[in-house]
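Everything below concerns the one structure shown next.
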């Protein structure tokens, strides 16, 4: 049976028309789904009983099921969500100064095989549907409402389980639904999609104007990247940078490059200088992330002095480089950790 939250607005409109109703009825149903977070068609009280009855014959509303919630001392909240087929994914609410950011998954598992990430250890299971991706936003907002939290869910980052651009069609439908003014009404400035670099849809995404882009880079050379991110090696760094140089940006906009610091792997002064050289070809800023030491993975975090020295080299060359503080380490908040823990398959670091 059709899950209404899987539908774009135009698909919902077509469904409503096929049931013999005028198209404007779709706006009413859409608002119930996204603004009022209605979970039963019968609860749409300003929709006619006849339409509700016909809708219930062909459709339903299915959110992901919250299987586990973990709350960190720093305010981070991690959800383990069960999908219709029993697969499980994760999403995270991250507290900021005046709002929350949700970190969303796009696939069950991942084919990229990054050596520092627990999701890669799971392998690729399947793509998530638009409703499954959007359902994470509904779950997050409902949690904050139920807790009476005053800070709202304002920003979305597609940096959870999976490679978003390998689920491009469903990602695009999700972004369109997020933008709809009579629904969740997120602006493109509030949405970031992170990719390891998939050539096929990279520029297509930029042309939509529906989000900002972040690149999961993590290494300044092709050889280093192949060692820690074997799946990303399909697109050579030089070719990736050539594509990114064509990526459509607003006048003051820059591409964000995520760089996970691994002791003795990619944190040397020479790595920092090579990173500056690599990024000189594009309008860039760097988000440095310190690896969280994790049993079962062959990596460790650099010490604070090494991290600051790396950052100082980038900044001295005129490159904006921020240091992202890890949150939720006490609740396995990095990508794939909670599912892997529950599956008994180990833990890892997110992108």
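Keep in mind that glycine also has a Cβ here, set from the backbone N, Cα and C atoms.
Listed by Swiss-Prot as binding S-adenosyl-L-methionine are 162, 163, 216, 217, 218, 292; the candidate from 194, 280, 300 that the record includes in that site is 194. Residue pairs drawn from 162, 163, 194, 216, 217, 218, 292, the listed S-adenosyl-L-methionine binders, are separated by up to 21 Å at the Cα level.
DSSP assigns residue 218 (S-adenosyl-L-methionine binding site) to coil in the three-state reduction, placing it in neither a helix nor a strand.
Classification of residue 103 (disulfide bond) by DSSP places it within a strand. Nearest Cα neighbour of residue 216 (S-adenosyl-L-methionine binding site) among the listed recorded positions (90, 103, 114): 114.
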